[in-house]
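Visitor: My structure is below; once you've seen it, I'll send some questions.
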């Protein structure tokens, strides 16, 4: 085709399953239509009338909600096992024969991030080999095994090993759960459903803080980690009964299974719409399958580095993920109880619950506005709030710690107005973080083409956890070396750099199909092209409404004329 060089794909029509004469006929017609609109003179015109009308009327089915909730159990385990360490570090006391120093606390915290990095980088290839849902089950095994090692720990080294094993599950959950949800979700609800994963993560963190309050006694931290085994075992037990992602089924030639899942996901939609949707997906997956057969894992990784349509989504995903971590949020998740203990609060774990609760609440806010407002707009609106919260927190630390050489010294009674301001500004920072970066980061795997989506999910999560290691392994050291004011000011500066990156390198994916997102990176970072396609969608939708209104009006006029004649 004349446009093949623009897209790097061949649009040969794939073979079709025996789906009955009616559906097969619809698929024949739909595929021809899809090939026509998939390679237009204007690459932004990607939808025919059936898809344009259908995607705006897609319904959220119980089946899809159930799949999202199932996958989000991994997110709950992720959140619980990263949040539980905050209270555990305070309650361990001398259970290992001595009081933990700051270096040991950093190693225990960072071990999970190290394991998560390995889990994230390996889980993408595993998901492409055994499937999305079974990779989540592998993550459950890591969650369970890690918790058992931790619960039986009687040394710092064993604790670190257990936390690293736990991290393998965290990395797997971070990479694959949002990928699975995005691939089963209707286009209209994809952003909101992926946010269910974020709600589960923050809910797990909040729950870990809640149970940390009563379990502060001797060996209470062992019970805290043991509780985290329960959701992992439950998810692993039911995974067999759930469907695979339709995209993965098609990649493995399970076309009837893929169509059955599409039918259940789009229940209530017309057969014509489902046929067009399936044909479009089938074609893109066929192209991806051809690609996968001709490329090894190493070759794919080289393509990410050398070919623009893969490199640019990788830069976008890595940038969003790295800035999410380097902003310092997880320093609060891991060390909130430690910070508030040093700041003189009587019950630091309870105060940490305010931080975690804020994060959870505003994750719900994000879910309600994500697809309506748009992910890019939300990020550009919330990053300034994050910067302001961190900058004012650094001012509060400066005023608060004047009597101790601008260092936090445990056991010091600091001025209440400044400690309260510090807490308030942390809450402001977290509110903006949870509404934007905390949620949207886990959706940017959708920016990768299907043939690279498993690798892309690993790249994203790998970048996130590499940056997380930097934060978790240096926070207490930074606080001791330069003090809290410069530390939080540094995080504010990193957020400013993140805001600039988002403005130039993050296109708006909301309202675009996963297949459309592949096209926009043929035009730089796709910021302007995404805007054009979305505007074109709105224009076409308005034209369709105008035609419908004109038809209704014409019918009404005809009826009036007939009535007048009578």
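Every residue gets a Cβ built from N, Cα and C, even glycine.
Sharing the feature lines straight out of Swiss-Prot:
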type: COMPBIAS; residues: 556-566; note: compositional bias 'Polar residues'
type: REGION; residues: 546-566; note: region 'Disordered'
type: TOPO_DOM; residues: 1-64; note: topological domain 'Cytoplasmic'
type: TOPO_DOM; residues: 86-106; note: topological domain 'Extracellular'
type: TOPO_DOM; residues: 128-140; note: topological domain 'Cytoplasmic'
type: TOPO_DOM; residues: 185-192; note: topological domain 'Cytoplasmic'
type: TOPO_DOM; residues: 214-222; note: topological domain 'Extracellular'
type: TOPO_DOM; residues: 244-313; note: topological domain 'Cytoplasmic'
type: TOPO_DOM; residues: 335-349; note: topological domain 'Extracellular'
type: TOPO_DOM; residues: 371-377; note: topological domain 'Cytoplasmic'
type: TOPO_DOM; residues: 399-421; note: topological domain 'Extracellular'
type: TOPO_DOM; residues: 443-458; note: topological domain 'Cytoplasmic'
type: TOPO_DOM; residues: 480-485; note: topological domain 'Extracellular'
type: TOPO_DOM; residues: 507-566; note: topological domain 'Cytoplasmic'
type: TRANSMEM; residues: 65-85; note: transmembrane segment
type: TRANSMEM; residues: 107-127; note: transmembrane segment
type: TRANSMEM; residues: 141-161; note: transmembrane segment
type: TRANSMEM; residues: 164-184; note: transmembrane segment
type: TRANSMEM; residues: 193-213; note: transmembrane segment
type: TRANSMEM; residues: 223-243; note: transmembrane segment
type: TRANSMEM; residues: 314-334; note: transmembrane segment
type: TRANSMEM; residues: 350-370; note: transmembrane segment
type: TRANSMEM; residues: 378-398; note: transmembrane segment
type: TRANSMEM; residues: 422-442; note: transmembrane segment
type: TRANSMEM; residues: 459-479; note: transmembrane segment
type: TRANSMEM; residues: 486-506; note: transmembrane segment
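So that I understand the layout, could you describe where these features sit and how close they are to other parts?
Guide: Through the fold, the topological domain 'Extracellular' (86-106) approaches residues 153-156, 159, 208-209, 211-213, 215-221, 224-225, 333-338, 341, 348-349, 352, 472-477, 480 of its own chain, all at least 6 residues removed from its boundaries and within a Cβ separation under 8 Å.
Among residues of the same chain six or more beyond the topological domain 'Cytoplasmic' (128-140), those with a C-beta under 8 A of the stretch's C-beta atoms are 71, 74, 77, 119, 168-169, 172-173, 176-177, 179-180, 183, 232-233, 235-236, 239, 242-245, 248, 251-252, 292, 454-455.
Long-range neighbours of the topological domain 'Cytoplasmic' (185-192) within the same chain, counting only residues 6 or more positions beyond its ends whose Cβ lies under 8 Å from a Cβ of the stretch, are 55-56, 58-60, 64, 68, 265-266, 367-368, 370-371, 375, 443, 446, 510-514.
Mean model confidence for the topological domain 'Extracellular' (214-222) is a pLDDT of 78.
Per-class residue totals from DSSP over the topological domain 'Cytoplasmic' (244-313), listed helix then strand then coil: 56 helix, 0 strand, 14 coil.
Per DSSP, the secondary structure of the topological domain 'Extracellular' (335-349) breaks down as 10 helix, 0 strand, 5 coil.
Under DSSP, the residues of the topological domain 'Cytoplasmic' (371-377) split into helix, strand and coil as follows: 6 helix, 0 strand, 1 coil.
Listed as Cβ neighbours of the topological domain 'Cytoplasmic' (443-458) (distance under 8 Å, sequence separation of 6 or more from its ends, same chain) are residues 120-125, 127-128, 175-176, 178-179, 182-183, 190-191, 194-195, 247, 284-285, 287-289, 291-292, 297, 300-301, 303-304, 309-310, 313-314, 316-317, 320-321, 375, 506, 509, 514-515, 517-518, 521.
Long-range contacts of the topological domain 'Extracellular' (480-485) within the same chain, counting only residues at least 6 positions beyond its ends with a Cβ under 8 Å from a Cβ of the stretch, are 102, 394-395, 397-398, 401, 406-408.
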Visitor: Please figure out which one of 107-127, 141-161, 164-184, 422-442, 459-479 racks up the most CB pairs under 8 Å against the transmembrane segment (223-243).
Guide: 141-161
Visitor: Is the number of Cβ-Cβ pairs under 8 Å between the transmembrane segment (486-506) and the transmembrane segment (193-213) three or more, considering only pairs separated by 6 or more positions?
Guide: no
Visitor: Going along the chain, which residues at least six beyond the ends of the topological domain 'Extracellular' (399-421) come within the CB cut-off of under 8 Å?
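Guide: For the topological domain 'Extracellular' (399-421), the sequence-distant neighbours (Cβ-Cβ under 8 Å, at least 6 residues beyond its ends) are 339, 341-345, 392, 479-480, 483-485.
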